[in-house]
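Enquirer: Here it is, the structure, as structure tokens.
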């Protein structure tokens, strides 16, 4: 029996789609597993963990789905405005960023908001958690890149990037990170905190995915996906994935090859077989037509669990450098995250999680 793999896609039509993959020798098929219409506006973000799927929307809510019990777990209500980005860290925490400038950390144990940080003066456009779970990066419409110490919820480093970045992402090994501004990818080294290389895409970039620590899949406002080497700044491979612009890319690994999943405005989700050693032209494994205008995509593939986030320390950090924060926390004893006072602007009142009742997913 093959691994359990499901593709989760959000759409302008307010619906979240779930497809179960059947991995045949010649062709893969994606069978409709569920559709869920919990949002009242377009779905803007999706993230997956071992057990849960989270979707964010322009309706200001985050919907949680329990894939083990196959039920809707309820809605998280804390943000004012569009939910712009979501990311799980292992099985223990979910991070969210929104139009209101907040970065929120949620516990998956009871779905309480453990931290609510005023991260940017404008919208939080993207966030990324370091593989250690101790740092997070955010970019926003205030033209800054900010590094956050997740142990105490404080800003560790602020960098003015002079333009509005749309994506930030740590590499799998956590030794570098990339920042996307319009049609370019800037690569930064964590140890030296310097810009090491820049890759220019022909069109504005909409989505990226690390396939290895140095190979990045880049998709933008055209039908082409490009695989770029961050060390040499060269395009290793490019192929026409869809008839219209590619909205989102994700990937997962099988025993001896990588599978790149792409979603487009044309309604199709496609699966591509990649050999990252030879970098031969990718082979289309299968596709499915959702008949919807897709906005975001994530792969749900239960794997070995990650370590939980380190817990909050009692003493505030005095470091102002991302590397120093990591070094400091390696030497400290880990304690469990406790509820931290919500950081709000004057006059703002935090919202509570909506109980919402548990509903079965529509199949």
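A Cβ is built for glycine as well, from the same backbone N, Cα and C atoms used for every other residue.
Quantities reported herein were computed from a predicted structural model and do not represent experimental measurements.
Sharing the feature lines straight out of TrEMBL:
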type     : residues : note
COMPBIAS : 350-363  : compositional bias 'Basic residues'
REGION   : 340-363  : region 'Disordered'
REPEAT   : 36-68    : repeat 'WD'
REPEAT   : 76-116   : repeat 'WD'
REPEAT   : 117-158  : repeat 'WD'
Enquirer: Averaging the per-residue pLDDT over the repeat 'WD' (36-68), what integer do you get?
Expert: 96
Enquirer: In the repeat 'WD' (117-158), how many residues does DSSP call helix, how many strand, and how many coil?
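Expert: Per-class counts: 0 helix, 25 strand, 17 coil.
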